[in-house]
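Report on the following structure.
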Amino acid sequence: MLSQQGLTGVLDDCFCDIESIDVFNNFKIYPRIQKLTERDYFRYYRVNLNRPCPFWADDSHCSIKDCQVEPCPEVSSTDPQLSTLYSQVANANTDIVDCEQAQDLGAINSTLSNYSKEAFEDWARHDDAQDHFCELDDETSPDADYVDLLLNPERYTGYKGPSAWRVWNSIYEENCFKPRSVYRPLNPLVPPRGKGCSSSLCLEKRVFYRLISGLHSSINIHLCAEYLLAEGWGKSLWGPNVQEFRQRFDPAETKGEGTRRLKNLYFLYLIELRALSKVAPYFDRAFVNLYTGDHQEDQASKELLLQFFNETKAFPMHFDEKSMFAGQKIEAKTLKEEFRLHFKNISRIMDCVGCSKCRLWGKLQTQGLGTALKILFSEKEIKNLPEHSPSKGFQLTRQEIVALLNGFGRLSTSIHQLHSFRALLKEKR
């Protein structure tokens with residue numbers, strides 16, 4: 001059971017216990033974030049799935065013709081049908097069966113409602129180009145298209161093997177904030193690269209490593225909870241795979257790292273929860289709306305969002321972000337910039353993911369976390385927001401807002417799914 005694996009008590013680097021987070025999330029946050037992310041404003045995400053991997057030759061896509069989805073013909077800006085997304089999935093090192101399965105499970109469903117391109121363009125907000133933690137290409141590229149997130153849920157796709165290992169290996173190793181003692185089951189065919197990271201990390205760099213580890217854990221929980229259990233007669237059976245969960249998080253299977261990985265998920269949850277509570281004043285202003293072109297829909301969405309923010313502010317044990325970058329002003333500025341550059345690098349690594357659906361959710365959750373960090377680093381600017389006009393000091397684009405809320409929704413779902421795995425593990429005792 002998870003409780004027997006040490007997933008209880010106070011988290012490191014903060015004064016919050018896991019049991020309190022479970023109750024708060026499962027009963028107050030999870031139901032609200034689910035309703036919120038179903039609204040039209042939050043369900044469409046603009047993404048470019050065609051950017052080449054900037055770090056190595058892209059050998060991760062399936063070489064079989066049927067593993068690709070051809071784009072629809074180009075449409076005019078007033079046509080209600082937007083062009084579909086490219087889908088190139090699996091990796092060339094797997095066999096044909098694995099490749100075909102990954103193509104089916106990892107392909108993007110590009111069906112969209114009758115929104116014109118002009119309507120989508122109206123959703124864009126003025127950009128704060130100097131303070132981005134992620135690449136801007138997805139918002140401006142002609143190759144980017146809107147994807148309906150509700151039609152493309154994050155779950156098991158069959159994407160695995162050397163390509164998937166290399167992506168996560170690069171995220172951890174190229175972004176050196178990690179303790180030497182941490183064990184990860186990286187691709188056994190690739191020897192450790194030994195970047196020389198310090199074993200005694202300062203709080204800021206320890207936080208950065210825990211955020212990435214928490215994101216990795218959250219994604220793995222989704223794959224375990226929405227696993228393809230059976231196929232037949234044109235229907236697929238999806239559900240929790242307890243054995244897969246144990247393989248990724250059981251201390252015996254992970255050399256004791258499973259519990260730490262799950263604790264890092266809770267830590268990431270607290271960081272993003274804190275960011276959401278801090279950014280509430282940005283949305284409290286009357287002129288800030290969640291525009292979709294449907295006035296009633298927009299009003300209802302904003303009301304739900306403000307109710308959600310009230311819940312986040314009511315949490316009594318928020319992470320104290322003042323402990324980060326608390327040193328000298330010059331040192332703090334340097335560390336913040338180092339964070340930003342490392343995080344931007346991670347967002348570029350996501351372009352090396354070989355499964356379209358995995359790439360979609362990887363990009364979204366990376367941008368969501370980057371937006372949360374941007375908020376936490378902008379406390380002064382948020383406090384000085386003008387009441388009746390946009391601010392030059394702090395703004396959020398629609399992309400950032402959608403990524404922030406959906407990214408946090410994924411974390412909330414992970415903690416909710418952990419509750420289900422606890423029950424399943426108890427049954428198997």
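The backbone N, Cα and C atoms fix where each Cβ goes, glycine too.
Unlike curated records, TrEMBL annotations are generated automatically.
Pulled from TrEMBL, these are the features on record:
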DISULFID  Cys62-Cys67  disulfide bond
BINDING   Arg155, Thr157, Trp168, Ser213, His216, Arg248  FAD binding site
ACT_SITE  Cys355  active site
DISULFID  Cys355-Cys358  disulfide bond
ACT_SITE  Cys358  active site
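Feature map: annotations from TrEMBL on the structure.
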{"residue": "Ser213", "record": "FAD binding site", "contacts (Cβ under 8 Å, 6+ apart)": "Arg260, Arg261, Asn264"}
{"residue": "His216", "record": "FAD binding site", "contacts (Cβ under 8 Å, 6+ apart)": "Trp168, Ile171, Arg261"}
{"residue": "Arg248", "record": "FAD binding site", "contacts (Cβ under 8 Å, 6+ apart)": "Asn220, Cys224, Thr254, Gly258, Arg261"}
At the level of the C-alpha atoms, what whole-angstrom distance separates Thr157 (FAD binding site) and Cys358 (disulfide bond)?
8
May I ask for the distance between Cys358 (disulfide bond) and Arg155 (FAD binding site), taken between their Cα atoms and rounded to an integer number of Å?
8
By a simple count, how many Cβ atoms lie within 10 Å of the Cβ of Cys355 (active site), its own Cβ left out?
29
Rounded to an integer, what is the Cα-Cα distance in Å between Arg155 (FAD binding site) and Cys355 (active site)?
12
Test of understanding: give the count of other CB atoms lying within 10 angstroms of the CB of Cys358 (disulfide bond).
23
